[in-house]
Amino acid sequence: RLQLQESGPGLVKPSETLSLTCIVSGGPIRRTGYYWGWIRQPPGKGLEWIGGVYYTGSIYYNPSLRGRVTISVDTSRNQFSLNLRSMSAADTAMYYCARGNPPPYYDIGTGSDDGIDVWGQGTTVHVSSAPTKAPDVFPIISGCRHPKDNSPVVLACLITGYHPTSVTVTWYMGTQSQPQRTFPEIQRRDSYYMTSSQLSTPLQQWRQGEYKCVVQHTASKSKKEIFRWPESPKAQASSVPTAQPQAEGSLAKATTAPATTRNTGRGGEEKKKEKEKEEQEERETKTPECPSHTQPLGVYLLTPAVQDLWLRDKATFTCFVVGSDLKDAHLTWEVAGKVPTGGVEEGLLERHSNGSQSQHSRLTLPRSLWNAGTSVTCTLNHPSLPPQRLMALREPAAQAPVKLSLNLLASSDPPEAASWLLCEVSGFSPPNILLMWLEDQREVNTSGFAPARPPPQPGSTTFWAWSVLRVPAPPSPQPATYTCVVSHEDSRTLLNASRSLEVSYVTDHGPM
């Protein structure tokens, strides 16, 4: 079985030359009818063909890299190599060597990679002036001394200060690997990377086992194993004083039974003072029990959709909270600083497959209140957290659209093909806008057109938006008239533009 294996540096400095080698095993590189090439994939992008060599000796390069790239074959060692000069940050990518069938070049970016039949595993190459550095690893644990019996204990490894990316994290209980969650890497301002990984385990299981997280950083050839975690609740049980429960997550006053042994002499007084000092430290640092949630709560406020403002003459606000335990969470509303007397709809607590929970509350007001600039506030209340408030306020400097156009992008040629219409609207603020299509005054299903999120206009505080409608070939000689309808929260009327594909006219209207 033919196998390909890339080798080379994982880190290259800007302006230097990247040298990679692909070792071929399981078959001769001289075999006729094949092409040997290099392909790369930058982060977040598609595959990009670099170049390759045909068995006849002909070499082909990507035109965008010509002048920087050299590919050569060493048949005596059964390998082929890549040299890429003048490296820059744009050359950071996963590099693959591959074997393909004729033709000897492929536009991988368009998906025509059917000719590739053998791939290497790939090697990550980073272009940076920062030196290679192994990560620092720190153990973290849930910060509670009295976990609930039915609550999980969350262990975490903070992995930081390494370069280049990336690291591999594996969790073990004893010798058994454990399912874990590793978060996406973040590049710090100093160009070094950081990430974290966490493991959630039942309290009883944590008391019985030994846990470790293993971090491997290929570029620095380092491997770090973190074994030691803070002392378990089982070991602390004998020294824990009786706690008087208070609000969950707040500091509690801890008390112990009075000593029954009479202290005599100076030695007894010193022991008594030491014991009082220990009790004081316990009172200052101990919480009665872990809050039932293990992840921070996130609260979000959605402002009214333009559809509701126009079609229902209502302003609907949705406030929702996400976390791992929301049974004690409560959402409240204020309108202009006062509690509303109606219009509030409470959603049910929802549990999701990833272990998280969500809950929402919806407030509906007359559109006139929102247009008048009335403030709307949603507050998340939870026993273990300070209140979290989010306020929605209509932009005072709103501006209605000033220009609407409807153009034919492509006509049906041949006649049985589809046509495309482009509707553009500009000069409005804020960016919330409703754009819909009508076919002979009937609303077109949203699956038939593609709207775009309004970007800001260059050099202006206003926005513009567009939508493309696919018009299928007419089933009869009588074509339909298509209308683009636009509404904005600051518009007094609906704007519309129409076009008939047969007579090719455009009319721009004000109110419908």
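Positions of Cβ are set from backbone N, Cα and C atoms, glycine also.
Listed in Swiss-Prot:
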- 1-97: domain 'Ig-like 1' (DOMAIN)
- Cys22-Cys97: disulfide bond (DISULFID)
- 130-512: region 'Constant (C) domain' (REGION)
- 135-227: domain 'Ig-like 2' (DOMAIN)
- Cys157-Cys213: disulfide bond (DISULFID)
- 225-296: region 'Disordered' (REGION)
- 235-247: compositional bias 'Polar residues' (COMPBIAS)
- Ser238: O-linked glycosylation site (CARBOHYD)
- Thr255: O-linked glycosylation site (CARBOHYD)
- Thr256: O-linked glycosylation site (CARBOHYD)
- Thr260: O-linked glycosylation site (CARBOHYD)
- Thr261: O-linked glycosylation site (CARBOHYD)
- 267-287: compositional bias 'Basic and acidic residues' (COMPBIAS)
- 304-392: domain 'Ig-like 3' (DOMAIN)
- Cys319-Cys378: disulfide bond (DISULFID)
- Asn354: N-linked glycosylation site (CARBOHYD)
- 396-502: domain 'Ig-like 4' (DOMAIN)
- Cys423-Cys484: disulfide bond (DISULFID)
- Asn445: N-linked glycosylation site (CARBOHYD)
- Asn496: N-linked glycosylation site (CARBOHYD)
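Ranked by Cβ pairs under 8 Å to the domain 'Ig-like 1' (1-97), the stretches 135-227, 304-392, 396-502 are led by 135-227.
With every protein chain in view, the residue among the disulfide-bonded residues Cys97, Cys319, Cys423, Cys484 whose Cβ has the most Cβ partners within 10 Å turns out to be Cys97. A mean pLDDT of 75 is what the model gives for the region 'Constant (C) domain' (130-512). Taking all protein chains in view, 25 other C-beta atoms sit within 10 angstroms of the C-beta of Cys157 (disulfide bond). The Cα atom of Cys484 (disulfide bond) lies nearest to that of Asn445, taking the recorded positions Cys22, Cys213, Asn445 as the candidates. Comparing Asn354 (N-linked glycosylation site) with Asn445 (N-linked glycosylation site), their Cα atoms are 33 Å apart once rounded.
A straight line from the CA of Asn445 (N-linked glycosylation site) to the CA of Cys378 (disulfide bond) spans 34 Å. Comparing local CB density within 10 A for the glycosylation sites Asn354, Asn445, Asn496, the maximum falls on Asn496. Within 10 Å of the C-beta of Cys22 (disulfide bond) there are 27 other C-beta atoms, taking all protein chains into account.
Taking the Cα atom of each, Asn496 (N-linked glycosylation site) and Cys157 (disulfide bond) are about 57 angstrom apart.
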